[in-house]
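This report concerns only the one structure given below.
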Amino acid sequence: MAKKTAVNEPLNLSSKNLNNEKKHKDFNVKKKGGSFTKTIIYYMKKNKWMTFFMILICVISSVATVLGPKLIQNMMANLLAPSSGLDYFNNGTKTVGELNNLLDGKVFISGDENQFLTEEFVSNSKNYFTLFFGLHFGWDKWIYLQLSLFVVLGVSAYFSSYLGGTMGKNVEIDLRNRSLEKLVKQDMSYYSDKKIGEILTKIVSDTQIIGDQTASVPVTMISAFITFFGSLGVLVTIDWKLTLIVIAIMFVLLIVLQSTFTVVGRMSKRVRKTITTINGDVTDRISTVRLIKSSGTEAYENERFNEVHKEYYKKSFTLITMQSFISTVMTAGISSVQIIIVICSAILYKDNPQYLTVTLSAFISGVGSMVGPLMTLSRLVSGIIQASTCCYRVNEIILTVPRIDTHYEEGEGIIVDEIEGNIVFKDVEFRYPEKPEQLILPKFNFVFEKGKSYAFVGETGAGKSTISKLLLRFYDPSTGDIFINDNVNLKDVHLSSYLDKVGYVEQEPQILYGTVMDNIKYGNFNATDEEIISASKKAELHDLVMSWPNGYDTILGERGFMLSGGQKQRLIIARMFLKNPQILILDEATSALDNIVEKEIQEELEKLMKNRTTISIAHRLSTIMNCDQIIVLGRNQGIVQVGTYEQLKEEHGHFKRLYEAGLMN
Ligand SMILES: Nc1ncnc2c1ncn2[C@@H]1O[C@H](COP(=O)(O)OP(=O)(O)OP(=O)(O)O)[C@@H](O)[C@H]1O
């Protein structure tokens, strides 16, 4: 049998760790998963091309943003050049060359170096230019360049939003799929202490929050990083003194942000926990709506919901207050940069108005470019914190290792093609992992011969249903082993290939939301419509279905709300006829039905049982009378009697007592 390969768990937990933990612990391992940052990095590595283009677009847009102020500086210098030129102009006695020497070396005047200048020529700003990679750029060309930058910024904004959004959806869907994949492979015991609504919140809402944040956070972060440092570089070239002031303000803001991060994180975690509990409560009440309706407790439930929401409101209110405070501090801090710069530059350069005009306009624009992404980032802070909380919660699902190895990984486990031998319980002892202190089935041995029928009887809580759970491998025996085909350990088989040969009918049949057709087909997806109808006829369901206006396309409500108990049972039996299993497990399949319906269903079941290994868990005499063997279980005693109905009826013992006490009727 192939050894189980390492599971590829990306989020902060190496496969090696997982396997080690699996070896050393008996029960499900829960370990804290990766943070939001680690999750994003994982997906960025996974989607290399998308990440490459995302970074490229961010670089292009950031460079365009960063260059903006430099263009303004040059444009302003060109526009203001005529006033400097006129200062030096001396009644047509200066040449172009002489004036070029007098201008500060950044701006030049066009024309032949020896040409004498007229006032009209000098006062026209179109005759001034700056060099840009050897090109002569007048102020109008700087405007065109600025406009081109806007186009670049527009196009890159579209693509960064497109790529970020796509990445976000990919992450959301992938996390959801991986969580679901993990949940369906999870042990039954995993669900013992969990509310479905709580799991739903993690799968539906938490993954969506992570996806939404992934759509904007990486792009904003990369842009903020490049723009911040790029702008800083440009600001230094414009004026280093003013740049130092900007750095000091940013440093203070960073410290404020960092210190509030942990507090808000804790608050956000509490809020998510509360809403998860509430969602768990809602699903719990919706699924037990019959109890509410039959008890007339609607008003009580309303009251309860109001109460639980008060707690949620209180926690959310504290979080919102804190978030608003941070947002105000950040916005005020960031906006104050520009005012502080205006004041400082006025103080520093009041004696040089021309320098002040050119520098200040360019510098303010540069500060604007630098703080823009920081502003966006500060608005994202609460989202990032919330996403981090969600990541830990989703990872709790993804990183929980099932105790039972179903061998579903590629190339694993023994494939069961046919049930061609007996089922052997060897030295089996069982305690529920959720309650290990209670011994349910003391050590016992038993052989279920191929093709024969068996019935388990016993008082309530004796462990009859536990037998079916062991046969379906909901649980493994605490000690001992179960073999199929005489000597194949159930623990070693590819579970799905075995369950494919097993039919399970329980007291509360599981009906899926969907059509009658889909419901019968579940378990044999390749079946044709004719085969489905034939199975339905065998289960005496066909006439009933045909009496409905939409026939086999009738949508059955969630959990078969629209069907009676007997109709649901027939549907499951039809499903079993279609599946044609080699082992049949009937877990009190007819105990919820009245005598007349039970009699009809029993006939269908007997047709189904023919020539199959059948294990029934039964209360009713009618179910067990014709079985080849009856196994009597005593509470905490395991098997206390085995025999045919005729033998046990005569024997003094447990069965006779149950029989005489009327427990078999
Ligand atoms: N998931 C579980 N965790 C812990 N204990 C459990 C669990 N499921 C069942 N038990 C306990 O195991 C014992 C046997 O349960 P089981 O359902 O097999 O009894 P049963 O004979 O089928 O009873 P009934 O005839 O009432 O259906 C009971 O004491 C029950 O409380």
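A Cβ is built for glycine as well, from the same backbone N, Cα and C atoms used for every other residue.
As recorded in TrEMBL, the features of this protein are as follows:
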- 52-386: domain 'ABC transmembrane type-1' (DOMAIN)
- 423-661: domain 'ABC transporter' (DOMAIN)
- 49-72: transmembrane segment (TRANSMEM)
- 142-159: transmembrane segment (TRANSMEM)
- 217-238: transmembrane segment (TRANSMEM)
- 244-264: transmembrane segment (TRANSMEM)
- 325-349: transmembrane segment (TRANSMEM)
- 355-377: transmembrane segment (TRANSMEM)
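Cβ atoms under 8 Å from those of the transmembrane segment (355-377) belong to residues 65-66, 68-70, 72-73, 76-77, 80, 220-221, 223-224, 227-228, 231-232, 234-235, 238-239, 242, 246, 250, 330-331, 334-335, 337-338, 341-342, 345-346, 349 of the same chain, restricted to positions at least 6 beyond its ends.
Within its own chain, the transmembrane segment (49-72) is flanked in space by residues 142, 145-146, 149, 152-153, 156-157, 159-160, 163-164, 166-167, 170, 218-219, 222-223, 226-227, 230-231, 233-235, 237-238, 361-363, 365-366, 368-369, 372, which lie at least six positions past its ends and keep a Cβ under 8 Å from the stretch. Counting only same-chain residues 6+ beyond the ends of the transmembrane segment (244-264), those with a CB under 8 A from a CB of the stretch are 232, 235, 319, 322-323, 326, 329-330, 333-334, 336-337, 340-341, 344, 367, 370, 374, 378, 381-382, 385. Taken together, the residues in the domain 'ABC transporter' (423-661) have a mean pLDDT of 87 on the 0 to 100 scale.
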